[in-house]
Amino acid sequence: MASMDEPLYPIAILIDELKNEDIQLRLNSIRRLSTIARALGEERTRKELIPFLSENNDDEDEVLLAMAEELGVFIPYVGGVEHAHVLLPPLETLCTVEETCVRDKAVESLCRIGAQMKESDIVDWFVPVVKSCQIYQFAANFTMLRLAAGEWFTARVSSCGLFHIAYPSAPDQLKAELRTIYGQLCQDDMPMVRRAAASNLGKFAATVEQNYLKTEVMSIFDDLTQDDQDSVRLLAVEGCAALGKLLEPQDCVAHILPVIVNFSQDKSWRVRYMVANQLYELCEAVGPEHSREQLVPAYVRLLRDNEAEVRIAAAGKVTKFCRILSPQLAIQHILPCVKELSSDSSQHVRSALASVIMGMAPVLGKEATIEQLLPIFLSLLKDEFPDVRLNIISKLDQVNQVIGIDLLSQSLLPAIVELAEDRHWRVRLAIIEYIPLLASQLGVGFFDDKLGALCMQWLEDKVFSIRDAAANNLKRLAEEFGPEWAMQHIIPQVLEKINNPHYLYRMTILQAISLLAPVMGAEITCQQLLPVVINSSKDRVPNIKFNVAKVLQALIPILDQSVVEKNVKPCLVELSEDPDVDVRYYANQALQACDQIMMSS
């Protein structure tokens, strides 16, 4: 009797847990579907498990989402591709639920399954073999068309994402019906359905033959561009770029370009925002020549739009757009707008501009950069909003490549030095991270004169992230200029600060020593750095003492064995007997590392 009941055990567990009041148990059982399917075998999975799932789909959204995800990878458990069609009914039901994320996941799984099915199975199961107007009569038996003909809008929304899978495998007559149905979905009474149709139009159009693309699909597209809902029209903007890549250049100019120009003047700011955000892709679709002729006025309008959100999107594309134009056109049409945006009332517009404006320097060339762009850079470097200053600082190297370090240092360096003491710590951090690159470009002499003192000043900043970055900055400078330079300009000033009355600053110095030691080498470490570290082991603050143990552990591989035995080990032994538990822990860790290194050598 037990042996008869045993095969039923997995499905019994699933049924019990799916009906459990605890959602977590139901969720866990769904996530174990593959395990249960393996226990049941392929045939029982097809005949028992899948029908059970089809009938039990009234659950929390989390459970349904997990089910939709699991079924998308379930083909191996039902017997392979030839039986993939059995997975369609439960997923079809999930395509009709109210929760959007569940429907989207169900559509994604259906597409994944459909992409693996044989062409004949797609025709037999994914779409019906129909004749003329009988399409809806047969739709009741087939997944995609049943969804497209669904009374509830959720089914029709989901069906829009399936056409690009079904269409390539369909016979010619059914293809015509599918194109007709898609056109009907684009004119559906529910805006949500029209939005889904507009969103998926690019994928569907990519599967349609070229002659129908120019006629039927473009007719559908024209309807969407004139929809009374701005949420539909803004999705049609994305369709512009997708369709532009599919059409011949002359057709693209004839059909897509006028739509883009009209959309750039749309009454809805959301549509104009989408045009500004997609403008570069739209320019690629229509080609650079027509972009210069007809899209420049549209782009200028967007840069001067009344809505800040539109100006933000347009400002973020200014460098990309200028690359399509000649330097003369950019200077004539775009640069005046850029000057206006640099003093825009919205800080977010200025920040978006600052993040890309440095890239205009290579496009405009040296002379225009010096005359036109440098004043804008300086203006943005002095902006009251820290993110604007931050975005300029992080892209300085792009300007240096165009105008050279001499002009850069004369015009922008005073502003950079001022920002090094900015009250916003993120701005100071950005300056620190840029210092090594700036140092390599300026050279040793200029760096010592202008920036050396700042590097030491940051070691005693109130913000830990600044002190941490300052210590790493010293290491990178030592690597850039060499140990001899570091011995003269960094080491003495660093070691002086070990007597700072605040223990947090003394900890930063210990960290700096740990980072500098590998760059400086064994001799300087032994003579200059090690004595300072060992003296710090007498500090009254436990945090300093256990950091001494950490630093000594880091120095052991650099030092000679004799130095380790004579100086390092006695210090660590003393720390290992400290009253503080953390000091003892790190000291013992360092002693173990010391013993391991000694044994291996």
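Every residue, even glycine, has its Cβ placed from backbone N, Cα and C.
Listed in TrEMBL:
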REPEAT    10-48  repeat 'HEAT'
REPEAT    178-216  repeat 'HEAT'
REPEAT    217-255  repeat 'HEAT'
REPEAT    256-294  repeat 'HEAT'
REPEAT    295-333  repeat 'HEAT'
REPEAT    334-372  repeat 'HEAT'
REPEAT    373-411  repeat 'HEAT'
REPEAT    412-450  repeat 'HEAT'
REPEAT    451-489  repeat 'HEAT'
REPEAT    490-528  repeat 'HEAT'
REPEAT    529-567  repeat 'HEAT'
REPEAT    568-601  repeat 'HEAT'
What are the DSSP helix, strand and coil residue counts for the repeat 'HEAT' (529-567)?
29 helix, 0 strand, 10 coil
Please indicate, using numbers and ranges, the residues of the same chain that are 6 or more beyond the repeat 'HEAT' (217-255) and have a C-beta under 8 Å from a C-beta there.
179, 182-183, 186-187, 191, 194-195, 197-199, 201-206, 208, 262-263, 266-268, 270-271, 273-275, 278, 281-282, 284-287, 290
Do any residues, 6 or more residues outside the repeat 'HEAT' (295-333), come within under 8 Å Cβ-to-Cβ of it, and if so which ones?
257, 260-261, 264-265, 269, 272-273, 275-277, 279-280, 282-283, 286, 288, 340-341, 344-346, 348-349, 352-353, 355-357, 359-360, 363-365, 368, 372
With Cβ-Cβ distances below 8 Å as the criterion, list the same-chain residues six or more beyond the ends of the repeat 'HEAT' (10-48) that contact it, or say none.
56, 59-60, 62-63, 66-67, 70-71, 73-74, 77-79, 83, 86
